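**Student:** Feature annotation from TrEMBL assigns Zn(2+) binding site to C:His173, C:Asp174, C:His177, C:Glu189. Annotation source TrEMBL lists region 'Disordered' at C:262-294.
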Amino acid sequence: MNTAIRRRSAYVCRSCTQSLQRQLRRTYASATAQPDIYDVVCVGGGPAGLSLLTALRANPVTAHLRIALVEAQDLAKTKSWKLPPNKFSNRCSSLTPSSASFLDQIGAWSHLERDRVQAYQEMQVWDGVTGARIEFDWAPGAAPAAGTTIAYMNENLNLTSGLLKRIEELGGVSVFDNAKVEKIAYGEETEDVDLREWPVVHLSGGKQLSARLLVGADGANSPVRSFAGIEARGWDYNRHGVVATLEMEGEGWGGEHLKTAYQRFLPTGPVAMLPLPGNHCTLVWSTTPTNASRLKSLSAKDFIATVNAAFRLSPTDLEYMHTQESGQAEEYSWRLEHTPLDYRTIPQTAVGVQEGTVASFPLKLRHADTYIAERVALVGDAAHTIHPLAGQGLNQGQGDVQSLAKAIEYAVGHGQDIGVTMALEPYASERYAANHLLLGVCDKLHKLYSVGSGPLVPLRSVGLNAVNALGPLKSFFMNQAAGNGIKVF
Amino acid sequence: MRSSLRHAPKAFRTARPVACGAIGAPWLQHTRRQPPSRKLSTTTPTYHNPSSPTSSSVNETEISHFSALASSWWDPHGPSRPLHLMNPLRHDFIQACLSAPSTTSPTTPQPDPNALRYLDVGCGGGIFAESAARLPTTASVTAIDPSPTILTVARAHAKRDPSLGGGKLTYLSETIESLALPAAPADRFDVVSVFEVVEHVDYPAAFLDRVGEFVRPGGWLVLSTIARTWTSWLTTNLVAEDILGVVPKGTHDWYKYINEEELRAHFAGKGGVWGTPRAMGVVFVPGFGWKEVRGSEKIGNYFLGVQRVG
Amino acid sequence: MEVTLRRTAAAIARNNNGLRPAAAALTAAPSSRHFSLSSLTRPPPNYPGHVPLTRIEKAALAIGSGLMSLRDPRRGDLIAAFAEATATPYFIYRLRDAMLASPTGRRILRDRPRITSTSLNLPHLRSLPPGSVGRTYVAWLDREGVSPDTRSAVRYIDDAECAYVMQRYRECHDFYHALTGLPVVREGEVALKAFEFANTLLPMTGLSVFAAATLKRSERKRFGDIYLPWALRNGLRAAEVINVYWEEQLERDVGELRRELGVEPPPDLRDIRKREREERRRRKEEQAARDGGV
């Protein structure tokens, strides 16, 4: 497709921009600053925004676009992020193999610190009330050709840092970090150009960026979304996600090369123990705000005991332990004597929690009414916020970015204005239904397992046991989770 | 009725609105008139001399009809939506033509694939012209349309995109007859596009002859139109206009549709000036858009590209 | 197809509820155990006196002991066996969880105190002020001529902790008499069982209420009018009485404890019976007087 040549000439040619700026200076001599014209202005330097810019820069068809990144934080700090090999950040996400292969395709995967990324091959998911269980494990010789990895656990900072390194390697992105978006407004009409439909991002300090396409990768409270007048609907779960980096008694029952993710559905919400390299794990525990603040107030010893209890003891015991101000360790060791366990089906015992890693955040479901408007596209959390129980939040964002980058590539290759809804429609139609389905599935799962007693409890256990017993159905779910199968989610 | 159509953005008016509205008329007229090769071989053009700028291929009713659409031309959900959706396929087809092995003599200089010069005839609001001008491989786009009203819309819209400034895209209120023909063949155009136009002109053979003169040797004449078949009558007239209303009523006059074989015969009859035409049939799938369907050039909408070899 | 099917899932589902002692779950092959037991392969007991039974054996025990004890309600051993056989798989766990949900209940489970004539200092209880829990309790023992040692040991509940819960329930039974003031006569016993059923949901207590069918007609009417509504209302409304650490409540005023637990005292059955006897006698005398007068 003559890509080598396409790269040569800029979408907004430099001379046009310059002449435009001269023109603007002449027209508004009194104005303090004139907008710089960009093809893509991305607000938000999180995983979704950075992946989008990397994808655009890495693709020869879109590499000539003028791109600006606006981020409130200091990206130099993020880029140079470094932790000792035995310390891990508490904000980790699972990356499905399809997300990982996308990151590889845009050249970012190799910029991640790979020895900090942990693949896992099996999952144990069970009902904390009835004990009904589904075990995602591969039979010998039955592993799909695409690999047995269900997902990769990775620190979010490792991803953003790697993406920033890749963007630096590719070059060509005007980065405005430590920058506050003061307002977003529409442009003006001059003798030569009519930018009345172009969003202009006003930064603190007077800098103005005119956007052919303004990308909102600016999180759940997206200012870009507000600017576009797009409603995000949903509800709060009245739950908090408690995260922590834990040190375990060992590398896991399967050793270094066969790691397992564990998730138990408690009536207050699911608790997950996800493997990190070595004998480390990351905890994601969805629970009530009261329990969450109690957990954060506990001593390390009592916190660890409560975490171990969360995977072992009955919901009744846990409920009691949540009421204790301290002494969970002692309570746990007594109850453990009276609790039968199959040790191979639960995570190893946590023996330590890394200092300062216990934190929590409120859980909510939000879905924007649409992902696109004239000259606006929303990606990632700006478009949707999901319950973390399936570990899909970041992957949904990667799916968005991959789709939007494809739509932009197609538009550029066919001479479309990448900001118009006509060019963005394929993105919205490809992602909206898929995300909506996944949001709904996770929401229903949360609600189903929030029930502590009643007729739903045995029913859901029958369902889970049935899926566990039906090999083909289970392997379908596993392939889904691993992103190998037919795309449903 | 007609005046209300004129004001409604969805309404096209046509030279013979009665003919398409009345079911059964095509059947009668088809048998009465000379079928398939009528349009291109039997019609006498009103002009023979290219230097006569006053004669015109343009049908006045058609002009006022499309002018009435001007305001909604760029509304992605308006009546021109099918055209917007089709536009990327035009580029795919042009790409396919340009990358096909050239059939010119080895001595003929070939167009520079990275600095292509386009002439878009009947550009309307500029859907194709703008997109062609945005391509990095484009050196210039000259877009002509006889309707000043529509060109006002086209120019205003182009102003919304700074990348279209700087003289890369030029709109001219001209007919192909009035447009000055560059004297040197090499100064003529690499790609001359005539999209969804030939079914709206009164004398397509003469029109295509005139258009063809603007193609430089080695360059391509690319057009799109609709085959005159039962299917196309059903889909473009009865279903699209009368029943579903996705295309403004009166947009198409089925009798003006031209079949692919008629075009092939037309170009073959020009004494080796043109190479062998390429064709691509496309089908509109509601809810999805346009889709290439092999063989459908014999049935409904299709693209046809032909390289000027002499 | 591509994944192994683990047959243990259902078994783990049962075991993982945290109900059986770890030792049992780990030593026994979970899925085959219930169907292949014979006296030869019977697993070792989980606690002294434990008799591990298969499901079928438990069902047989439940039906057999239930029928026998209906025929002869004085067979305390059969009632006990029936209680144990019907308490699993659900009800005893619910009661245990009710204890685990309460700080005092948890303390009882940890300490596992037993109530016997030696664990309680009966002479000391007799010296407590009238109206105290201990004095009321011992007065009951003395008045009814029963001893705390007459309770049979739990044998058929597999989980050691649940077996203790059943044991505790039994041993506390006499305290419930003290708490409610219901006598050990059949009518009082049935009323207390109804209270216990509403409070503990143990099936045996509920089925015992059917013993009301064997009451005299007037007693049955009184039971239906006064005691059954009282028992159900109070049993449901009161705190779980299994969570009372009786050993620590001996010196407290019984009325205060009742209020704390939300139990209102029922009309004194002995008083009522006495009044009714007197009423009958008076009517008889009046009748006789009238007859004499004619």
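Note: Cβ is positioned from N, Cα and C throughout, glycine not excepted.
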**Student:** By a simple count, how many Cβ atoms lie within 10 Å of the Cβ of C:His177 (Zn(2+) binding site), its own Cβ left out?
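**Tutor:** So the Cβ neighbour count for C:His177 (Zn(2+) binding site) comes to 22.
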**Student:** Tally every other Cβ atom lying within 10 Å of the Cβ atom of C:Glu189 (Zn(2+) binding site).
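**Tutor:** Total other Cβ atoms inside 10 Å, all chains included: 17.
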**Student:** In the region 'Disordered' (C:262-294), how many residues does DSSP put in helix, strand and coil?
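**Tutor:** Taking each residue of the region 'Disordered' (C:262-294) in turn, the totals are 25 helix, 0 strand, 8 coil.
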**Student:** If you skip the near sequence neighbours and keep only those at least six away, which residues in the chain come within under 8 angstroms of C:His173 (Zn(2+) binding site), Cβ to Cβ?
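**Tutor:** In sequence order, C:Arg151, C:Leu192, C:Glu196 meet the Cβ cut-off.
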**Student:** Name the residues of the same chain, 6+ apart in sequence, whose Cβ is under 8 Å from the Cβ of C:Asp174 (Zn(2+) binding site)?
**Tutor:** C:Tyr137, C:Trp140, C:Leu141, C:Val146, C:Pro148
